[in-house]
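To start, the structure under review is shown below, and the notes come after it.
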Amino acid sequence: MSAIQHFFKTFFLTELLQGLALTGRYTFKRKVTVQFPEEKTPISPRFRGLHALRRYENGEERCIACKLCEAVCPAMAITIESETRADNTRRTTRYDIDLTKCIFCGFCEESCPVDSIVETQILEYHGEKRGDLYFTKEMLLAVGDRYEKDIAAAKAADAPYR
């Protein structure tokens, strides 16, 4: 930049005027604020919300206790204990997720070879005490059973992009 251009930019404060013009444009535009509990915005099919454990159509849980999700979790929010059954298959006896630690990165869902752990599109959940956000295997299976149709639809919508 030449010295003359630099002089005119600093003397006439062009950057300041550009910023004020931008502020002025947004002052008179329609506002985009959403009043959350009453109004809702559309949720992406890839939204990562509350976790759920899925079952097969015959009612058997999908988790094979490979512990990949526990290993890949950067926040160490997943705890898994497993045992071998009589038919030599491994299943979980304990599958806990501490949502106060979870950063909702989706690594657990991506690493699962059988699509057992998924993150649903549920974003409205709360806990009155700290322990309320500690989800056990039974709670995760209940979420999966309740929202299986929504989970399957979201998986089908996202399938072409995987």
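Note that the numbers count up from 1, one per residue, in the order the chain is shown.
Placement of Cβ uses the backbone N, Cα and C atoms for every residue, glycine included.
The feature domain '4Fe-4S ferredoxin-type 1' is assigned by Swiss-Prot to 54-83. Shown for the domain '4Fe-4S ferredoxin-type 1' (54-83): DSSP residue counts in helix, strand and coil, namely 5 helix, 8 strand, 17 coil.
Residues or ranges marked as [4Fe-4S] cluster 1 binding site in Swiss-Prot (evidence: sequence analysis): CYS63, CYS66, CYS69, CYS112.
The 10 Å shell around the Cβ of CYS108 ([4Fe-4S] cluster 2 binding site) contains 24 further Cβ atoms across the protein chains shown. Feature annotation from Swiss-Prot assigns [4Fe-4S] cluster 2 binding site to CYS73, CYS102, CYS105, CYS108.
Taken from Swiss-Prot, the feature domain '4Fe-4S ferredoxin-type 2' covers 93-122. Below 8 angstroms of C-beta separation, residues 43, 45, 47-54, 61-64, 66, 68-69, 71-83, 130, 133-137, 140, 143-144, 147, 150-151, 154-155 of the same chain, each at least six residues beyond the ends of the domain '4Fe-4S ferredoxin-type 2' (93-122), sit close to that stretch.
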DSSP, reduced to three states, assigns CYS108 ([4Fe-4S] cluster 2 binding site) to helix
Binding-site residues CYS63, CYS66, CYS69, CYS112 vs CYS102 ([4Fe-4S] cluster 2 binding site), shortest C-alpha separation belongs to CYS69
Running the binding-site residues CYS63, CYS66, CYS69 through a 10 angstrom C-alpha radius around CYS108 ([4Fe-4S] cluster 2 binding site) leaves CYS69
As a whole number of Å, the Cα atom of CYS105 ([4Fe-4S] cluster 2 binding site) is distant from the Cα atom of CYS69 ([4Fe-4S] cluster 1 binding site) by 11
The number of other Cβ atoms within 10 Å of the Cβ of CYS66 ([4Fe-4S] cluster 1 binding site), counted over all protein chains shown, is 17
Not counting CYS63, CYS66, CYS69, CYS112, residues with a CB within 8 A of the CB centroid of the [4Fe-4S] cluster 1 site are ILE64, ALA65, LYS67, LEU68, ILE80, CYS108, SER111, PRO113, VAL114, SER116, ILE117
